[in-house]
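Asks: Got a structure here, written out as structure tokens. Questions coming.
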Amino acid sequence: MYHLVCVNCGATYPADEILYNCTKCGHLLAVKYPLDSLNINKAVWDKRPLGVWRYKELLPVHGEPVTLQEGGTQMYHLKRLGEEMGIPHLYAKHEGMNPSGSFKDRGMTVGVSMALQLGKKSVACASTGNTSASLAVYAAKAGIPAVVLLPAGKVAVGKVAQALMHGAKVISIRGNFDRALEMVHDLCLSHGLYLLNSINPYRLEGQKTIGFEAVDQLGGVPDRFVLPVGNAGNISAVYKGLLELQELGFIDRLPMMTGIQAAGSSPVVRAVRENLPEVVPEMQPETVATAIRIGAPVNAEKALTAIRKTGGLAESVTDEEILRMQRDLARKEGIGVEPASAASVAGIRKLAEMGMIDRDERIVCVVTGHLLKDPDTVIKQCEPPTEIDANLPSLLSALHL
Ligand SMILES: *Cc1c(COP(=O)(O)O)cnc(C)c1O
Ligand SMILES: [Zn+2]
């Protein structure tokens, strides 16, 4: 059995208490397993298909999960981009290949399973887009209603389409993501819906499997793990999971956890750079990478620990650098991702140019969501199709032949 523990004061709570913050000090909670008595056999894991549920002994769900076979995503060697950057061991783990097209599915398969396990009848979240798409998908699979709050006009069209089609109640608020999260948090506390933002410690349990899979796919620990940072849940989750693997003796060291933010929305980078004890929220976050357009990251406390304890880095990249990397991944590697996802690899390009990393490192960049999530940003960057009359001479002339 596991329990919940406050990451600040160490207070513990039973696993079935529905809590999103420590009631003593208000800080974040994490799931704690009795690792020495778990008796996990690595050979048994290795026989199961790669995916979130390969690692079920380190997940909080007891019965049959609500699953669409998430995880097991491709790990690509970025051969050409790596050569260009002088980093021969550069990899991208393509989380856009999950059922709803982002890593949020790893969190939601566990989170929605926990909603049922805890006897909850409805679920809710605030979202910059992907969380709502994923929650809508998993609520549909579970057969329960979902409510999602979005910042009006700031969500990529593919994500809204998913939330609508999968049947969530979609509410657009005239305010930003940070406000939407406050509102849905209040709603869940007052009306008993189950909150599935990354403040929910069970959701992060699913997301930690990105790290487990990367270690299995590479046959060892990478030197550096790079993630785009919005609410900072994912980087915290991967760190927590790898710490558990280390405690179990399955790995002997941790990667340098490295967080990349958009320049217009980079409170975590600032806190690391200025060695602040906690982040100072940004009131007007702005970036083309809407998935990480977050001024007050709820998991900042955990993320700062992850970055600092592993000797990692935090860096920001401009929208221009993000979009250039989105095109480079698409055209030089055949990997289609949304802007936020390209931030991780753009960050590595920048850190390498600044001489901040050793070019021989084995580096895993998590690319978090699929290209088709945000078609508008794609269309804006590309030449429109060439329209011609329907005859061969016109075709030859269009091709300059
Ligand atoms: C949610 C999301 C992020 C940010 O993850 P956090 O856990 O909030 O830091 C990055 N990229 C994409 C595509 C996302 O959907
Ligand atoms: Zn506490």
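Heads up, the Cβ atoms here are built off N, Cα and C, so glycines get one too.
Bear in mind that TrEMBL entries carry predicted annotations, made automatically and left uncurated.
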Asks: For the pyridoxal 5'-phosphate site that TrEMBL gives with GLY230, ASN231, ALA232, GLY233, ASN234, THR368, which of ASN41, ASN130, ASN176, ASN275 also belongs there?
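Replies: Looking through ASN41, ASN130, ASN176, ASN275, the residue TrEMBL assigns to the pyridoxal 5'-phosphate site is ASN130.
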Asks: Using a 10 Å radius around its CB, how many other CB atoms surround ASN130 (pyridoxal 5'-phosphate binding site)?
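Replies: Its Cβ shell of radius 10 Å holds 33 other Cβ atoms.
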Asks: Sequence gap of 6 or more, Cβ distance under 8 Å: name the residues on the same chain that satisfy this around GLY230 (pyridoxal 5'-phosphate binding site), in order along the sequence.
Replies: THR128, GLN261, SER265, ALA291, ILE292, ARG293, ILE294, PRO297, ALA340
Asks: Given that the record lists ASN130, GLY230, ASN231, ALA232, GLY233, ASN234, THR368 as binding pyridoxal 5'-phosphate, what is the largest C-alpha to C-alpha distance among them, in Å?
Replies: 14
Asks: Identify all same-chain residues not among ASN130, GLY230, ASN231, ALA232, GLY233, ASN234, THR368 whose C-beta atom falls within 8 angstroms of the centroid of the pyridoxal 5'-phosphate site's C-beta atoms; report them in sequence order.
Replies: SER198, LEU227, PRO228, VAL229, ILE235, ALA291, ILE292, ILE294, ASN299
Asks: Please average pLDDT over the domain 'Tryptophan synthase beta chain-like PALP' (66-369) for the predicted structure.
Replies: 97
Asks: Who sits close to ALA232 (pyridoxal 5'-phosphate binding site): which same-chain residues at least 6 apart have their Cβ under 8 Å from its Cβ?
Replies: SER198, GLY259, VAL268, PRO297, VAL298, ASN299, ALA300, LYS302, ALA303
